[in-house]
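Below is one structure; the comments refer to it alone.
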Amino acid sequence: MVREGEERIGNRVLLGVIGVSYRETTLQQREQVLHILQQAQGSFRPEVFQEERDYVLLATCHRVELYSVAPAELFDSLAQEIKLLGVSPYFYRNQDCFAHLFCVAGGLDSLVLGETEIQGQVKRAYLQAAREQKLSFALHFLFQKALKEGKVFRAKGGAPYAAITIPILVDQELRRRQIDKKASLLFIGYSEINRSVAYHLRRQGFSCITFCSRQQLPTLSMRQVVREELCFQDPYRVVFLGSLELQYALPHSLWESIWDIPDRIVFDFAVPRALPSHTVFPHRYMDMDQISDWLREHRKEVNSAHLDSLREVAYRYWNSLNQRLERHDCVGANA
């Protein structure tokens with residue numbers, strides 16, 4: 001159902017996205033922007049909708065974005081606050097917002113060109129927002145169509161094959177450090193990035209893999225330990241941190257012991273980082289900044305024809321949305 005006031009999109013109220021990505025920012029800056037956007041969510045209250053909130057927050061390893069139907073002044077205010085960090089955020093409105101999310105969902109705006117993980121991340125961000133709020137029709141329409149067309153784009157072979165990925169980087173790093181394939185590996189968090197790395201390493205012959213999550217996962221074929229039973233004194237040779245807000249999920253006393261095993265390696269995939277930078281041993285630790293640098297060196301350039309193809313699809317959906325809103329406006333005027 002189209003909500004009253006949505007016919008104003010493109011005038012005083014905009015459908016827009018503001019954010020930063022790996023292109024403009026370091027990991028630390030993305031963490032700071034994430035904090036700003038989290039604090040600002042309560043400000044996205046377009047009076048014309050008479051709703052408390054109307055936004056979708058997309059936070060991944062390489063991007064932090066907030067999508068909303070809101071007055072332009074709110075986007076401007078956020079942009080000014082982010083600029084105080086020394087960062088220039090991008091802001092796309094209306095049809096350009098459509099084009100941006102379609103390219104994001106299709107893997108064409110990713111550091112790992114053509115990656116599939118972003119599709120799931122976009123879907124989870126949308127579903128979480130839909131559970132917590134009464135989203136506007138425009139946001140439902142935007143995310144549903146972007147997810148649909150991202151999937152279609154991949155199925156047709158439009159998305160390039162991601163030959164250089166985070167699992168491949170991890171595999172190469174373990175080989176460089178001569179980590180034995182019988183070594184014990186611990187994955188904290190059942191995130192998609194942790195799963196992709198774990199299954200890749202198992203295919204490469206690593207056999208002692210343990211997952212730690214909030215609760216037992218009945219379908220998981222690997223060893224498991226619940227968080228309450230986690231102990232860093234156990235001889236885990238490599239630890240992978242891949243859960244959101246992980247820094248606060250475990251007691252401080254437990255984190256203090258993560259370096260007690262000599263030569264233990266830690267991969268921190270979390271954003272914000274699970275381990276503050278001043279607490280780590282640099283030669284035994286990799287965060288998303290270091291991983292991003294490696295990926296950037298090996299990144300393929302996006303095919304402009306692929307970009308144009310997805311953008312054209314996005315523009316058609318934007319026009320379709322406007323036609324629906326105009327029809328609703330006409331019906332309301334004649335009622």
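Each position is counted from 1, following the chain as shown.
Placement of Cβ uses the backbone N, Cα and C atoms for every residue, glycine included.
If you look up Swiss-Prot, you'll see Cys61 marked as active site, nucleophile. Annotation comment: Swiss-Prot describes Thr60, Cys61, His62, Arg63, Ser110, Glu115, Thr116, Glu117, Gln121 as substrate binding site, evidence class sequence analysis. The annotation NADP(+) binding site is assigned in Swiss-Prot to Gly189, Tyr190, Ser191, Glu192, Ile193, Asn194 on the grounds of sequence analysis. What Swiss-Prot lists as site 'Important for activity' is His100.
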**Report entry** Close recorded positions near Ile193 (NADP(+) binding site), where close means Cα within 10 Å, chosen from His62, His100, Ser110
**Finding:** none
Requested in this report: Work through the binding-site residues one by one (Ser110, Thr116, Gln121, Ser191, Asn194) and point out the residue whose CB has the fewest other CB atoms within 10 angstroms.
Outcome: Thr116
Report summary line: Going by C-beta under 8 A and a gap of 6 or more residues, the same-chain neighbours of Cys61 (active site, nucleophile) are Ile193, Phe269, Val271, Met288, Ile291, Ser292
Report summary line: Span of Thr60, Cys61, His62, Arg63, Ser110, Glu115, Thr116, Glu117, Gln121 as binders of substrate, largest Cα separation rounded to whole Å, comes out at 15
Requested in this report: Quick one: of the recorded positions Thr60, His62, His100, Ser110, Thr116, which has its CA closest to the CA of Gly189 (NADP(+) binding site)?
Outcome: Thr60
Query - Euclidean distance between Cα atoms of Glu192 (NADP(+) binding site) and His62 (substrate binding site), Å - result: 14
Query raised in the report: When you measure from the Cβ of Glu192 (NADP(+) binding site), which residues in the chain that are at least 6 apart have a Cβ under 8 Å away?
Result: Glu117, Gly120, Gln121
Query raised in the report: When the Cα of Ser191 (NADP(+) binding site) is compared with the Cα of each of the recorded positions Thr60, His100, Ser110, which one is closest?
Result: Thr60
Query - Secondary-structure category, per DSSP, in which Ile193 (NADP(+) binding site) falls - result: helix
